[in-house]
Amino acid sequence: MNEAVKTLDGWFCLHDFRSIDWAAWRELNPGNQELMLNELSHFLSDMEITKNIGEGEHTIYSILGQKADLVFFTLRDSLEALNEVENRFNKLAIADYLLPTYSYISVVELSNYLASHMAGGEDPYQNKGVRARLYPALPPKKHICFYPMSKKRDGADNWYMLPMEERQQLIRDHGLIGRSYAGKVQQIIGGSIGFDDYEWGVTLFSDDALEFKRIVTEMRFDEASARYAEFGSFFIGNLLPSEQLSKLFTI
């Protein structure tokens, strides 16, 4: 049997995509709308406290197109903590008007294709560079791009039949492309084998949305992607600071 990849695992992630039920929202009187938005604001203030003490992260983006209107991206140190956030959000009155359209569960990971190279001989969980990757601070970038992906198991193009050494080299070559976008695109990789329908969830942040097109295009021509990758739907959006939520919901 081929050697299986080992991973270092950090925060658990939930991408929660919602569509606003505008027809139902319009039927509410302004007073009820304000009460619901205030309740949401208190919820987000509590989320900010968790962020400030280093026990998690979160951000909100407005999604373009008809796949969703919003994505709530939350990171926590356990599935229980993540589920608690999800359940509390669903109990908000405004959640009745935010219809689920898609979700993705993963855990921030760094594989031993790369982790040993980054950490050298030390305990990788004590390495500052590794920890920054596993427990990332979400950047307040203007745009987000999320997509799930898997590695192929198709005849001769079967990633899982390749020797470890070949997989390591392909991933390192693939990573060189990502590193060439340092300062332009920040990437968070969530492993989701056994958690969701694909094997990874990829989240990209940038102040220039065209950088998403450039990096994904360039990576498509790399062998690790061209031969061995399969992709799900892509979601793209704009940063939505919590203080601008009321403006979004104003009719």
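For all residues, glycine too, the Cβ spot is worked out from N, Cα and C.
The Fe-coproporphyrin III binding site annotation in Swiss-Prot covers ARG133, TYR147, PRO148, MET149, SER150, LYS151, HIS174, GLN187, SER225. A 10 Å cutoff on Cβ-Cβ distances gives TYR147 (active site) a total of 19 other Cβ atoms nearby, all chains included. A strand conformation is recorded for TYR147 (active site) in the three-state DSSP classification.
According to Swiss-Prot, the feature active site maps to TYR147.
Put simply, SER225 is the one of the binding-site residues ARG133, HIS174, SER225 whose Cα lies nearest to the Cα of TYR147 (active site). Among the residues the record lists as binding Fe-coproporphyrin III, namely ARG133, TYR147, PRO148, MET149, SER150, LYS151, HIS174, GLN187, SER225, the two farthest apart have Cα atoms separated by 22 Å.
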